[in-house]
């Protein structure tokens, strides 16, 4: 469930949080139906995130073992680091807000507020991943458009500087969210206990920071990656047709891409496609709220539907950050051989 959800005391008969059950009257999607959907989405998201945690640990270890002689290794290693933090957040958020998760009334701070505080860091991470994916798409596109100059433009130093700049921007743009919020002591109306609670003090500052660190990078990179992916797919198909034609004539040409370049382009296409699919729910949520600002979890009619959409968005985000290992194993010869050597005891002796 998203960081905006309400958690608290659960009604034993209905399985609903008491405070949200009281405000559920008039919802287009009843809270009872929402709970059924939430059990499914949260359970699926937890499983995907748990797998993503393991797969990204493997990615990091393998890329570190492979080394950083190529620019693609630097980019994909950095992407794996972003992804592992993303899946940790999604795993904890979906697990602790699962309808079957034990009540947190005995804790000094609710898991909802823990998730909100953690989200101040989390919202910078998808933006970092989006920028890095865009760098991969642009680099591979330039490999086709400017095959001679691409190695001069995208050196290891250039990629490292770009990724470092992205990290600095994302952290700097996300810091105002912390300055606009604070933790306070508050008496819970449900348990009459004093607990630590999250309090929003400067909503405008937090909103602008959220736009700069999440909405803007995700939206901009979404379109960059989409255009780059279309270009890569078209050129990939053209190159394969040309290679088939030249092969049938027993000819060769410098207009065709090398086998290594073809693997890198295919890898970029898969990674970019995964990013596009995984980011689509979040992009749609951004545009829906631009058109209809009242679409939020506290909307008296559409709140539960919006919450379902946010939950689905987290599941897709977890999927986006978990399955790149299959791309690396399929298209990365060095990655595959190193993986077998490290985890399957195959290869070098």
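Keep in mind that glycine also has a Cβ here, set from the backbone N, Cα and C atoms.
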Statement: Expected hit for transmembrane segment in TrEMBL across 76-96, 328-348 is 76-96
- prompt: To which of the residue ranges 2-30, 205-233 does TrEMBL assign the term transmembrane segment?
  reply: 205-233
